[in-house]
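Report on the following structure.
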Amino acid sequence: MGFNGNHRNHLHCIPRENNKNRWKKTAESASRNMMISVASPLFLLQTSVATSRPSPIGTLFTAVRSSLISQQGGDAAPFPPIRVAKRVVLVRHGQSTWNEEGRIQGSSNFSVLTQKGEAQAETNRLMLLHDTFDACFASPLNRSKRTAEVIWGARKEEIITDTDLREIDLYSFQGLLKHEGKAKFGVAYLQWQRDAANFNIDGHYPVRELWTRARSCWTKILTHESRSLLVVAHNAVNQALVATAIGLGTEYFRTLLQSNCGTSSSPFAAGSSGGRSSSNQIILVCQGSSKRDCEDNSPGGDVPLDMLGIIQSQKTAELLLDLKVKTVVSSPTLASIETANSISRVQEAADVLGANSVPRCVEMKQMEDLDDGVLTVVWEKSGKVWKLLLDELSGESETGNTVVAVADPAIHIALLGHCLNLTKEWMGSFHLDAGSISVLDFPEGPAGRGVIRCINYTAHLGRWSSPITRSILTD
């Protein structure tokens with residue numbers, strides 16, 4: 001996933017008997033073992049251990065993988081069993097000289113970190129300074145190894161390099177500027193952009209090979225004696241690690257993006273997927289903290305924002321100020337309405353505040369509480385909301401459209417599932433914090449496939465957010 005801003009990706013393996021968060025029942029019914037909760041610059045993965053048998057891993061994007069591979073029609077071998085919970089933080093290297101030049105790097109080892117890349121690595125070092133890690137795995141390529149050295153700092157344990165963590169092998173493409181690749185390889189380059197999973201070059205299928213390597217990496221990570229690990233690698237291989245962790249196949253390549261060190265100044269920066277730029281976005285804003293969050297973690301309940309939630313909603317409104325928001329869609333619950341109103345008031349004052357953005361507000365139908373047996377109802381309702389959001393995103397605009405949706409994290413988790421064309425059983429695989437933002441891009445327009453650029457972004461909340469690398473073992 002492409003995550004911008006001060007956040008990262010983690011993987012946590014969590015003993016199920018201690019997993020008391022709001023998705024416990026969902027996770028149990030789906031027999032999942034991994035959770036993804038992504039805070040923009042990094043991937044946090046957590047694996048869970050069932051009481052009756054060892055289970056695979058999970059991620060801070062909060063995703064889980066287990067028997068779902070067979071449900072997806074995959075033929076991958078299962079991950080090795082684990083006996084204790086594991087937490088894995090995935091970081092992409094900082095900007096390299098070839099990133100800056102727009103040159104295709106692949107697994108070549110000729111580029112080094114730029115000054116900006118060094119600064120990005122230092123930012124990540126400070127973000128992770130107080131995190132406890134037992135070990136660090138890193139790609140042996142210079143740009144990744146150097147990033148790992150900066151982040152690892154004065155820790156005594158040696159960095160473990162693993163060639164399977166190198167970037168995707170692109171063979172004859174490597175070293176070419178993008179326009180050179182297009183001119184020299186024509187149809188093959190177009191396939192790399194549009195159908196990467198089936199892309200073939202020099203007799204190889206790079207993305208398929210990458211997925212195989214990612215599974216090999218997980219075997220090494222899960223069998224390592226450490227419980228908390230830092231992994232520093234590359235965009236494509238980190239995508240493959242997250243996807244294989246939650247049981248997604250090669251068709252999800254470029255759907256879960258990650259920017260350099262995940263420390264871009266804004267999660268909304270226009271990006272690209274396979275060379276396609278995107279200016280159509282759906283921004284999922286989780287309502288701010290409410291009294292219910294302090295008393296009961298189950299979704300639902302019509303209570304207003306608490307003081308923390310009010311501050312979070314104001315921080316979010318400020319973050320969205322410079323966007324040209326077409327529509328603000330809100331759940332009818334009090335906390336969502338209050339969060340949406342904060343965003344709308346700031347948007348409507350855009351002229352005074354120096355921006356030019358006046359949205360119109362659209363109310364969403366009342367959602368039922370998430371009690372036992374209501375998951376299907378919520379999934380079906382969220383499906384209708386997803387279509388509404390895509391309709392709102394449609395429309396002629398030279399600069400593209402931005403739609404903001406405000407709701408309970410439970411609803412947004414379902415919307416992420418719809419974006420990825422998953423089923424309701426996957427809802428237990430994701431975790432979103434109050435006040436967080438997730439960004440979905442549509443490079444081919446609302447009718448095309450959505451790309452998750454950022455999930456669970458909380459950098460804008462500053463001290464008013466939960467630590468993005470916090471363990472969720474006791475949630």
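Just so it is clear, glycine is given a Cβ too, placed from its N, Cα and C backbone atoms.
Note: TrEMBL annotation is automatic and uncurated.
Keep in mind that what you see is a predicted model, and the values were worked out from it rather than measured.
Listed in TrEMBL for this protein:
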- His93: active site, tele-phosphohistidine intermediate (ACT_SITE)
- Glu167: active site, proton donor/acceptor (ACT_SITE)
- Arg92, His93, Gly94, Gln95, Ser96, Thr97, Trp98, Asn99, Arg143, Lys178: substrate binding site (BINDING)
- 1-22: region 'Disordered' (REGION)
Tertiary neighbours of Arg143 (substrate binding site) (same chain, Cβ under 8 Å, six or more apart): His93, Gly94, Ser96, Gln105, Ser111, Val112, Leu113, Gly117
Substrate binding residues Arg92, His93, Gly94, Gln95, Ser96, Thr97, Trp98, Asn99, Arg143, Lys178: largest Cα-Cα distance, in Å and rounded to whole number: 21
Local Cβ density at Arg92 (substrate binding site) - other Cβ atoms counted within 10 Å: 34
Count of other CB atoms lying within 10 Å of the CB belonging to Gly94 (substrate binding site): 29
Residues that sit under 8 angstroms from Trp98 (substrate binding site) by C-beta distance, when 6+ apart in the chain: Ile104, Gln105, Ser108, Phe110, Ser111
